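Worksheet: one structure, shown below.
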Amino acid sequence: MDNILNPEDNVSQTNTETDVTDGPFQYVKEEHSSHKFTASGQNLDSPPKNKKSPLKRKAGEPESPSKRPRLEEGHGSLVVTHYNELPETGLETRSQSRIFHLRNFNNWMKSALIGEFVEKVRQRTRNIAVLDLGCGKGGDLLKWRKGGISKLVCTDIADVSVKQCEERYKDLKRKSRNERVFEAEFLTADSTKELLSEKYNDPEIKFDICSCQFVYHYSFETYEQADMMLRNACERLCPGGFFIGTTPDGFELVKRLEASDTNSFGNDVYTVKFEKKGKYPLFGCKYDFSLEEVVNVPEFLVYFPVLVEMAKKYQMKLIYKKTFREFFEEKVKNDEQKMLLKRMKALEPYPAAPNFKLVSGRTEDYEHAQKLVENGQVKLPLGTLSKSEWEATSIYLLFAFEKQA
């Protein structure tokens with residue numbers, strides 16, 4: 001599977017190393033979007049009169065959680081319930097899933113992102129400390145082990161997930177035998193409402209990396225929650241430390257919504273449903289997201305320029321923001337990352353091997369691949385995702401902030 005296809009690129013852009021084809025989904029960059037995100041009905045550049053904009057808080061204002069107004073429970077309990085009730089599934093079960101390759105592809109994206117910044121930190125220190133903010137069941141433990149870090153703090157709002165993460169870590173240590181494994185600490189906490197620095201075993205701990213994968217958007221229910229999560233992510237970073245993560249692209253979500261005839265969009269893999277169109281408040285812009293059998297919870301739109309502005313409060317500077325498509329095209333040129341893509345089974349072989357079926361039964365899901373096969377210019381099998389999976393994964397972006405001295 002030497003040839004890799006992205007349905008969003010042009011058929012004519014084929015070469016002997018990586019083949020990409022044009023797919024039915026037309027990607028539109030954020031600058032093409034004219035849809036307005038608003039604050040109480042106002043454009044971002046024009047905050048409502050006689051109301052204090054949350055982005056203009058003075059640096060000296062009290063930040064202690066005890067001095068903040070009490071927040072309602074919000075949607076956090078729904079998120080906790082959902083993730084606590086997700087069953088543990090083995091590899092055999094996962095491999096039969098409609099989104100087996102999609103999940104592996106997203107996992108590969110995280111691996112490439114984490115690996116990139118672990119190497120950046122390693123240039124200045126070998127004792128790397130990491131905060132995994134929204135660790136879930138510990139899906140990134142092997143990535144941190146591969147990165148050779150020294151210390152990991154895992155935290156999540158779902159207590160069952162944290163316990164499963166800790167069990168995975170213990171199992172990892174048992175199987176490692178004489179091989180050194182990083183120290184780990186596990187915390188159950190709502191990082192949108194609780195100050196993590198009051199909970200660490202070492203009250204003076206500093207981190208080189210904070211990783212927040214597919215989680216930060218839950219905090220955009222209110223300004224206070226988004227700010228608290230950002231504080232937890234950034235306040236204990238060393239100068240030169242990084243806050244990295246993945247999150248849905250607000251511009252892409254709004255673009256697809258506005259192109260839809262209803263308040264929802266998606267396909268047989270994922271669906272997104274908003275309450276209404278037209279106005280998208282900076283905080284509390286809720287939508288319901290479902291992804292096959294994995295996710296079915298309320299989420300909140302993230303207007304990325306607001307996140308960039310808020311991060312300045314914690315001396316954080318955005319060093320890059322890339323769509324999944326942009327990041328994929330960059331990393332797949334690297335032979336090591338390309339091999340990892342294959343090992344992780346992040347792309348589906350096309351055509352399917354004898355006695356095997358493609359994950360999608362719809363022929364239109366593979367039109368992009370079939371066109372290239374018919375051209376006879378590539379070595380088979382090709383590596384790709386179905387059209388439906390490409391559409392699902394292309395709603396995301398990756399980001400990286402650096403702590404300024």
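Glycine is no exception: its Cβ is also placed from the backbone N, Cα and C atoms.
Swiss-Prot annotates Lys110, Asp156, Asp190, Gln213, Tyr218 as S-adenosyl-L-methionine-binding residues; of Gly134, Gly138, Gly147, the candidate listed for that same site is Gly134. Within the model, the domain 'mRNA cap 0 methyltransferase' (97-404) carries an average pLDDT of 96.
For Asn106 (mRNA binding site), the same-chain residues 6+ apart in sequence whose C-beta sits under 8 angstroms from its C-beta are Phe214, Thr246, Thr393, Tyr396. Considering only the recorded positions Asn107, Lys143, His217, Glu299, the residue whose Cα is spatially closest to the Cα of Gly134 (S-adenosyl-L-methionine binding site) is His217. The recorded sites recorded for this entry are Lys137, Lys143, Arg168, and the Cα of Lys137 lies nearest to that of Asp190 (S-adenosyl-L-methionine binding site).
Secondary structure at Asn106 (mRNA binding site), as computed by DSSP, is helix. When the recorded positions Asn107, Lys137, Lys143, Arg168, Glu299 are screened for a C-alpha within 10 angstroms of the C-alpha of Asp156 (S-adenosyl-L-methionine binding site), the residues that qualify, in sequence order, are Lys137.
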